[in-house]
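Feature annotations, reproduced from TrEMBL:
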{"type": "DOMAIN", "residues": "25-364", "note": "domain 'Glycosyl hydrolase family 13 catalytic'"}
{"type": "ACT_SITE", "residues": "Asp191", "note": "active site, nucleophile"}
{"type": "ACT_SITE", "residues": "Glu216", "note": "active site, proton donor"}
{"type": "DOMAIN", "residues": "353-411", "note": "domain 'Alpha-amylase C-terminal beta-sheet'"}
Amino acid sequence: MGNSNVNNNTEESTDLGAVLRNGREILLQGFNWESHKYDWWRNLQKKVPDIANSGFTSVWLPPATHSFSPEGYLPQNLYSLNSAYGSEQLLKALLQKLKQYKVRPMADIVINHRVGTTKGHGGMYNRYDGIPLAWNEHAVTSCTGGLGNKSTGDNFNGIPNIDHSQHFVRRDIIGWLKWLRNVGFQDFRFDFARGYSAKYVKEYIEEAKPIFSVGEYWDSCNYNGYGLEYNQDSHRQRIVNWIDATGQLSSAFDFTTKGILQEAVKGQFWRLRDPQGKPPGVMGWWPSRAVTFIDNHDTGSTQAHWPFPSNHIMEGYAYILTHPGIPTVFYDHFYDWGDSIHEQIAKLMNIRRRQDIHSRSSLRILESQNNLYSAMIGDKVCMKIGDGSWCPTGREWSLATSGHRYAVWQKQ
């Protein structure tokens, strides 16, 4: 297996950078937009052996705390672990099983906004009386009806946004994050990271010490009258700036790569090489912090805000699972799209682990045309996607796996 078990989770390392330096993560997003309807903690618990066996190092779980909406993204009582996904007891059983199988649970941290319990200043529901963290209007930004300061980021409309510039707010959030770590969550995913300054994320990571963190910094790619522009440098620069402002402690979802890849697979593979000959997403600039993915609960699932073309997802996975960066597999693709897709994704994951491809692996792009992309990763793996024909020259190469419009070879 080579280095597949480098995540020594026997006892937790307090070294924040160990996992990022090691670069051998493969994440599973362990839910979709409808999961709250399906006794979710119990469902996932049954799948833990397969999740571990497939080689996932971390599972991103949906928001586990009490929420106004069943999906979990309108939090109210942060200290209640009873949610539409299941009871506190079922959650703790799941966390225990993940620990047993050495897979890290990732908590979805929704701290940009919070639903109030009582009316305060201006007749708005901007107070939190009667529940833990009983904040007053000063915890809410002035832009969203509170008496706090102006927001340090973009507004999430229609609900009070939390003012992270207030010391009492940060103190309480840090206390809560430490409590989540004690409950058994090891990794953090920061929801709507555009909503508040990344310097606060830095402080929260330094204080609560998650093993691994990823931020959702999602804004629109650059489009013109003809569709997606070839150059997305300003888009990836904004994500890179956010990572930098967290003190480089957090990684970020590579929305740039997703936006480009889902156009490229439609017969525009020239998009996958930037003018410098590198990958065009965050992966091309800062691969050790780029969390690549094909779809999530917002872009895909039943929301489908920005979906990857469904008949091309294996080309997408052949790309992210062989390339540098930190790849993420979406629950739906792995568990709901049939045994064949599950098998194909698991095979690609196995090759990644066996050939020790990691977030900083070297990459040489060989072909990047309309109907063909090919690349060499390290010196032992090469791959192609698209319906153009290509294969490596030399008898030392053998086919490791292939499927509809993709193939991966390895050196013996």
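Placed from the backbone N, Cα and C atoms, the Cβ positions cover glycine too.
Just so you know, TrEMBL annotations never went through curation; they're auto-generated.
Note that the structure is predicted; figures quoted are calculated from it, not measured.
In terms of DSSP helix, strand and coil, the domain 'Alpha-amylase C-terminal beta-sheet' (353-411) has 2 helix, 31 strand, 26 coil. When other Cβ atoms within 10 Å of the Cβ of the residue listed as 'active site, proton donor' are tallied across all protein chains shown, the result is 21. Annotated pair Asp191 (active site, nucleophile) and Glu216 (active site, proton donor), C-alpha to C-alpha distance, rounded: 5 Å.
In the predicted model, residues of the domain 'Alpha-amylase C-terminal beta-sheet' (353-411) average a pLDDT of 97.
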